[in-house]
Amino acid sequence: MAEVGGGALLSAFLQVVIDRAASREVIDFLRRHKLIGGLVYKLKTALMAVNVLVEDAEEKQATKPNVKTWLDELKDAVYEAEDILDKVATQALRRKLDAEFETTAMKVRNRTYASLSLYKLRGKIEEVHDRLKSLADQKDVIGLREGVTGRPSERSPTTSLMVEESGIFGRDADREEIIKGLLSVDKGGNEVGVIAIVGMGGMGKTTLAQRVYNDERVKKKFDLEAWVCVSEDFDLFKEKLTGKYFLLILDDVWNKNLDDWEALSKPWKSGARGSKVIITTRDQGVASVMNASTNHRLEKLTEEDCWSLFAKYAFGNTNSSARPELEEVGRQIAKKCDGLPLAAKAIGAMLRTKANVDEWERILQSELWNLSLKRRKFFQLSK
């Protein structure tokens with residue numbers, strides 16, 4: 001397998017990690033915790049500093065072993081950075097729940113535990129920041145240049161990896177099944193029903209929930225619809241549910257603590273009988289703790305649906321048949337996305353500015369495809 005192509009894929013992953021560092025839940029948490037707030041900002045700056053070097057490194061790694069080693073070390077450091085940001089987001093959710101439902105004694109105990117956790121996290125952030133800064137400082141020694149990404153392209157650039165999805169592929173049956181469950185419940189129901197959408201990161205859980213949420217049949221069914229990301233908007237929905245026939249969507253749920261969820265469910269128990277809650281989660285254990293009446297597990301896209309999604313982002317409004325040499329390679333890349341919507345979308349968007357078939361071949365032959373599923377976190381960030 002060719003020793004090229006990993007840099008372009010790594011650059012896409014780096015941008016996702018940088019965006020994560022700037023996410024609302026991370027920023028809100030860091031404002032209240034100066035112990036690590038400044039360090040995470042430095043971590044983000046270090047990520048940006050290496051990101052501008054990646055494409056030049058990708059071009060040179062085939063002929064310069066020291067550059068290849070540099071890229072390998074960078075991959076490890078970036079994975080560590082992503083793990084850290086995951087831990088920060090988890091701490092943010094934990095502290096949010098703690099603030100609402102703990103007794104004074106519990107707060108003292110858990111604040112002590114949280115302080116110890118943050119202290120350990122601080123050391124890890126410093127370590128990864130130093131690794132990234134060291135890698136950025138090596139640019140002159142190994143001959144890397146910044147900003148080599150500005151090569152002319154025959155095709156218009158995509159706006160962002162996070163662009164709003166205007167076309168969905170392969171999820172119509174999933175949507176209809178969930179909507180059927182929602183519409184089958186009337187105001188005479190005995191309890192608030194919980195539907196869980198379960199799947200690994202990158203499967204499109206949030207996108208599916210959005211389609212259900214925005215469906216006109218659903219809008220007509222409920223008096224109130226509320227979309228809540230637990231780590232961000234936990235306070236906003238409590239007083240709005242009393243006596244209402246509602247649909248509440250809790251997005252990207254991680255916490256499996258039974259006591260926490262019993263406390264969280266109290267507000268919606270004041271709503272009208274027959275109301276519904278949809279949760280999206282990667283963890284089947286969350287669905288069990290929430291006592292979900294329906295577990296809807298998302299499967300991977302079919303090979304053809306994965307290709308259609310990839311082509312939408314890679315070719316835009318251009319028919320892929322107009323570039324048969326790119327379509328041939330693109331279908332192979334889409335197959336390697338292994339049915340994961342986020343992978344097809346993100347890599348397709350990245351390749352939209354790459355008009356040369358050689359650049360597509362580099363991605364196809366990238367060594368990053370050989371990473372184990374455990375470490376292929378680029379495909380497991382999703383919403």
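In case you wondered, yes, glycine gets a Cβ from its N, Cα and C as well.
Because the structure is a prediction, the values reported are computed rather than measured.
Taken from TrEMBL, the feature domain 'Disease resistance N-terminal' covers 10-100. Annotated domain 'NB-ARC' per TrEMBL: 176-235, 239-318, in sequence order.
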Average pLDDT across the domain 'Disease resistance N-terminal' (10-100), rounded to a whole number:
75
Going by DSSP assignments with H, G and I as helix and E and B as strand, what are the residue counts for the domain 'NB-ARC' (239-318)?
33 helix, 18 strand, 29 coil
